[in-house]
């Protein structure tokens, strides 16, 4: 691999880190399998693309955050107020977002942003056009990790974490767990939409199908990171998510270098997630057999 490919893999890894950090909130903190992700990623890309076309790329990021938060809140309301099952509520929101995203994109399946200023344009002179995207994306990931670290240690953040750990106990402490779930899902999908917004400006296009498989990408990043760095401190867990996202992206990059077609990457992603999930079970089975063998030998 040359430097250009390595740099590109790192940049995409940073973008998927933002996605994975959002999924970390719903999947790891709240223990909720949120399928809204695929729709909210495209929502962020669509909103960002349209505002970039209008000459407001930074406003596109802010709007994507807000729209993603609303999408997550809708899923949370379906779960908590209407008592819709977790998976079904995400599917319903994701299905509705398909039509909404299509309307935002003016009923066009793809929007090209080539020739338009992006969030990276002002930094070309400061960092150099060759490294502006890399540095900006890295700094953005650092800022988001710092924000999450600080937020999750606030009163609301601790209540959010406690809701995922033991909802019954938290409810007994007079904390509104429904509100915590809505807040957590809103924050999670806001970050997912932000990753979609950054992805659209980085790739200079927005596509209606760009969100397909983002749930798998986020899960793969989280699982790979935790399998490599299995420690409990919050900061370490957040960093492990970032490491997992970057490693995952490099695995796909290497796969492409070995001749695997881009259309097969979704299948490779599914295999990676399956393998990563299976590792703890395989390790436990091997350890059990060794202990059993040792007792029999004795």
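Start at 1 and count along the chain as shown; that gives each residue its number.
Every residue, even glycine, has its Cβ placed from backbone N, Cα and C.
Under the heading transmembrane segment, TrEMBL lists 12-30 (among others). Using a Cβ-Cβ cut-off under 8 Å and counting only residues 6 or more beyond its ends in the same chain, the transmembrane segment (12-30) has close neighbours at 37, 41, 137-138, 140-141, 144-145, 148, 152, 160-161, 163-164, 181, 184-185, 187-192, 194-196, 198-199, 202, 214-215, 217-219, 221-222, 225, 237-238, 241-242, 244-250.
Annotated transmembrane segment per TrEMBL: 50-74 (among others), in sequence order.
According to TrEMBL, the transmembrane segment annotation covers 86-104 (among others).
Here TrEMBL flags 130-152 (among others) as transmembrane segment. Long-range contacts of the transmembrane segment (130-152) within the same chain, counting only residues at least 6 positions beyond its ends with a Cβ under 8 Å from a Cβ of the stretch, are 7, 10-11, 14-15, 17-18, 21, 25, 29, 119-120, 123-124, 158, 160-161, 187, 191, 198, 202, 234-235, 238-239, 242.
Taken from TrEMBL, the feature transmembrane segment covers 182-202 (among others). Beyond the transmembrane segment (182-202), the same-chain residues lying 6 or more positions past its ends with a Cβ under 8 Å from any Cβ of the stretch are 11-12, 15-16, 18-19, 21-26, 29-30, 32, 34, 36-37, 40-49, 52, 57, 60-61, 64-73, 75-77, 79-80, 113, 118-120, 133, 137, 140, 144, 151, 156, 160, 163-164, 210-211, 214, 218.
Beyond its flanks by at least six residues, the transmembrane segment (208-229) meets 16-17, 19-20, 22-24, 27-28, 35, 37-43, 45-46, 98, 101-102, 105, 109-110, 192, 196, 199-200, 236-237, 239-245, 247-248, 266, 269-270, 272-273, 276-277, 279-280 of its own chain at Cβ-Cβ distances under 8 Å. What TrEMBL records for 208-229 (among others) is transmembrane segment.
Per TrEMBL, the feature transmembrane segment maps to 234-255 (among others). Long-range contacts of the transmembrane segment (234-255) within the same chain, counting only residues at least 6 positions beyond its ends with a Cβ under 8 Å from a Cβ of the stretch, are 1, 5, 8-10, 12-14, 16-17, 19-21, 24, 28, 141, 145, 148-149, 152-153, 217, 220-226, 228, 265, 268-269, 272.
The transmembrane segment annotation in TrEMBL covers 267-288 (among others).
Among residues of the same chain six or more beyond the transmembrane segment (50-74), those with a C-beta under 8 A of the stretch's C-beta atoms are 34, 36, 39-40, 43-44, 93, 97, 104-106, 111, 113, 116-119, 121, 182, 185-194, 196-198, 200-201.
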